[in-house]
Amino acid sequence: MEYDIDFYKHFAWLRKVNLHSSGNSESYQERLSRLEGDKESLILQVSVLTDQVEAQGAKISDLQSSLVEHQHKLDSTEEMLQQELLHRTSLENQKLSLMGEVSYLKIKLADMEGKQGQGAERQHKAEGLIKELRILKDKVEHLEDQKLQYEKKLKATKVKEISSVFIQRVYPHPYRLRRTQSGGLQAADPDAGQFRRGGLRATAGPRLTRTPESYDSARDLNIPFSQWTKGQVCGWLEDYGLGQYVNLTRQWVENGQTLLSATPQDFEKEMGMKNPLHRKKLQLALNAFTTKVIEKSSELDYIWVTRWLDDIGLPQYKDQFHEARVDGRMIQYLTVNDLLTLKVTSQLHHLSIKCAIHVLHANKFNPNCLRRRPGEERQPSPSEVVQWSNHRVMEWLRAVDLAEYAPNLRGSGVHGGLIILEPRFSSETLALLLNIPPQKTLLRRHLATAFSALVGTQATQEKREYGNATGHVPLTTTAKVKPKKLGFTQFSHLRKRKPDESADYICPIDSGTLTVNGVSRLPSMNPCDDLLDGLQRCCV
């Protein structure tokens, strides 16, 4: 606490005291003593005040030093603030420049997307035109094949009629004929009542022993295959589509019995038959000769199978099937390993072939059972849809206003049998194959409604229940089928297996049928069990 003392007032007070003392007749000694006491008190007060002044001076110096220090801090803070303001100004400038660059890039990106959209639209139109050209080309090839088949059948019918008349009336033993250097049979009158000299030449029939009809007549005359001569066997192989093995066969075979008693290993060793499907084709034909069972599928040759692949939407495998000479009988006995040998690895394509074979079974291998063009029906039943070809399904897509996506089904393996018979094939699978984007929900909903109306209420309910079942694996376009790797403990099972066991067939023959929505269906706890029995699926 600070004390301010006015010394002039204090001495004035002392004067008054002295005057008062004199006035009161006090003695000099008393005043002196009193003054001495006052002096000591004043000295004491002065010392106290001096100490206080010194303390206050020290405090003032401390405050001045702290003030200087704070002033330095304030200056440094102001300098930092100025630097921060400069830095922020530079950042704002950079931000504005970046925003300008972003806007420029956005404008450039929008321009590029517009150009890309135009290019994609042009490419889509070009692809559609290319697919339509391919379809037209396939139709032309199909018509040409039909024309060739018709001409071949017409020619074979004429030759058969002429040869049968000639053989019956001239030679009692027609298969004693031998190829000579004479020309072919000329036109003859089939209505001629009796043989007339000067008509047909006796040696004018080198093709009688080389046509399938001659071998049919041989079977009609109950001549066993084991008694066929070397020439007849070689001619039959050539007509059966295995003409590349005739030279080695002629060196090895003595008669038909040689082939009947041979094993597949003998075919590979003696005839050079490296292709396992060629060996299977020959073995099936020889088994038919042995059992004397005439199957309807044997009437379908390998050329018909290539057209059948077009009908079920798998034309990309025509070369492999044609090279392997796969005919109707082999289709009936196809296995999963056979399809893998034919380079068919897609699980969806396996199921497509399986359902197509089942449709052939249900129609007793009628070669014209599949419908390629729309009929007069307004609302087809599932029993009619199951016979639709791939092209007929594309026509249905055009009818339900999905024509722009119809060409995407080319090569997909989608046909009526797959749509009806496969429980895992749903509208979602079809939308995936049609390449309909997931964000187009209204288009997918329209497809689902049309699909449900097509397959029927019962099949739709079954597909929904199967999709909601536990352990359900949805059908995708990327799933692959690979052979199961056999361990050492499984070779004994291979030795015990019967050769006629049908569990490995794509579509078993002797299994019972179920009727689903008016359509016969093969029974199976899991539709892939029959397809993948003994194999391991690998979804890639």
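Cβ atoms are placed via backbone N, Cα and C, with glycine included.
Predicted automatically and left uncurated, TrEMBL annotations should be read as such.
Record features (TrEMBL):
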type: COILED; residues: 25-80; note: coiled coil
type: COILED; residues: 126-160; note: coiled coil
type: DOMAIN; residues: 228-292; note: domain 'SAM'
type: DOMAIN; residues: 305-363; note: domain 'SAM'
type: DOMAIN; residues: 388-419; note: domain 'SAM'
type: REGION; residues: 182-213; note: region 'Disordered'
By DSSP assignment, list the helix, strand and coil residue numbers for the domain 'SAM' (388-419), in that order.
21 helix, 1 strand, 10 coil
So which residues does the domain 'SAM' (388-419) touch in its own chain, when a touch means Cβ under 8 Å and the partner is 6 or more beyond its ends?
127-128, 131-132, 134-135, 310-316, 346, 348-349, 351-353, 355-356, 358-359, 370-374, 425, 430, 433-436, 443, 446-447, 450, 454-455
Note the mean pLDDT of the domain 'SAM' (388-419), expressed as a whole number.
93
